[in-house]
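Taken straight from TrEMBL:
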{"type": "TRANSMEM", "residues": "A:6-25", "note": "transmembrane segment"}
{"type": "TRANSMEM", "residues": "A:52-70", "note": "transmembrane segment"}
{"type": "TRANSMEM", "residues": "A:76-97", "note": "transmembrane segment"}
{"type": "TRANSMEM", "residues": "A:118-138", "note": "transmembrane segment"}
Amino acid sequence: MYQDWIWGLVGGGLIGIAAALYLLVNGRILGASGILGGLVDGTERAHSKERLAFLAGLVLVPVSVVPFYSSVDTHLTPNLAVVIFAGLLVGVGTRLANGCTSGHGVCGISRLAPRGMVATVFYLLGGGASLLLFKHVLGVI
Amino acid sequence: MRALFAFIAGGTFGTGLVVSGMTDTTKVQGWLDIFGDWDPTLAFVLGGAVVPMFFAWRYTDGRLPRLGGKFPAPPEPKLDHNLVLGSLIFGLGWGLAGLCPGPAIASLSYGGFGGGVFLIAMIAGMLAAPPARRWLDAVAGSS
């Protein structure tokens with residue numbers, strides 16, 4: 001547990017540095033759901049090259065730089081019905097709210113933006129309620 | 001140049017997600033499980049990420065982005081039903097599978113078949129958002 005906190009802090013620092021770089025150099029907000037969502041629904045075709053380059057880095061770089069990468073595992077549930085339902089909720093929810101953990105959480109809170117803070121409170125509430133419902137009440141996870 | 005720095009930002013972001021444990025669904029579910037055996041690591045991840053960004057936002061005052069353009073204007077402080085409901089729905093899905101959008105993309109190379117299915121379902125959900133938003137706005141407007 002103690003080690004988890006250290007890795008959490010180090011990884012979090014890297015996330016923050018990435019977001020700071022994207023803001024200060026490219027002048028853009030690092031929000032994963034917005035970058036992907038704007039591409040797939042065609043609402044923000046502008047900067048699509050920049051978005052694709054960001055996603056390419058996100059997919060390709062961790063494989064090559066994280067030393068213990070060969071041992072990492074997402075431990076995702078094998079229950080595909082759960083996977084599909086959860087994916088749909090994450091997709092529709094983040095686009096309705098216009099942001100996710102990175103955009104509202106990291107970029108919004110650090111800007112002291114009320115929208116980012118409110119969103120973060122509600123997705124953490126949703127996450128806690130989800131574990132309560134699906135794990136402790138229904139026992140599906 | 002813009003694409004190069006976007007690639008570097010995406011790569012650094014993805015590396016941070018893997019290192020912090022955000023791509024490990026069992027860890028994330030432990031971080032969200034406040035009614036069970038709660039692990040507070042998520043607060044360290046978020047805290048570690050917010051600090052550099054706090055200084056970055058302060059640095060933007062009176063300056064312009066290095067590669068041109070303008071910094072994003074502060075969003076309208078509009079706290080509406082879409083923000084609240086959307087975040088709640090996202091949180092439910094996040095807790096259920098343990099993946100949020102960034103880690104879902106970052107783990108594509110090793111997440112296996114299930115990871116790909118999650119990403120496709122997430123994109124389908126994203127495409128369903130504009131009609132869902134119109135419906136919610138109509139319901140909110142008529143009440």
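A Cβ is built for glycine as well, from the same backbone N, Cα and C atoms used for every other residue.
Just so you know, TrEMBL annotations never went through curation; they're auto-generated.
Cβ atoms under 8 Å from those of the transmembrane segment (A:118-138) belong to residues 93, 97, 99-101, 104-105, 108-109 of the same chain, restricted to positions at least 6 beyond its ends.
The list of residues near the transmembrane segment (A:52-70) in space but at least 6 beyond its ends in sequence, with Cβ under 8 angstroms from a Cβ of it, reads 22, 30, 32, 35-36, 39.
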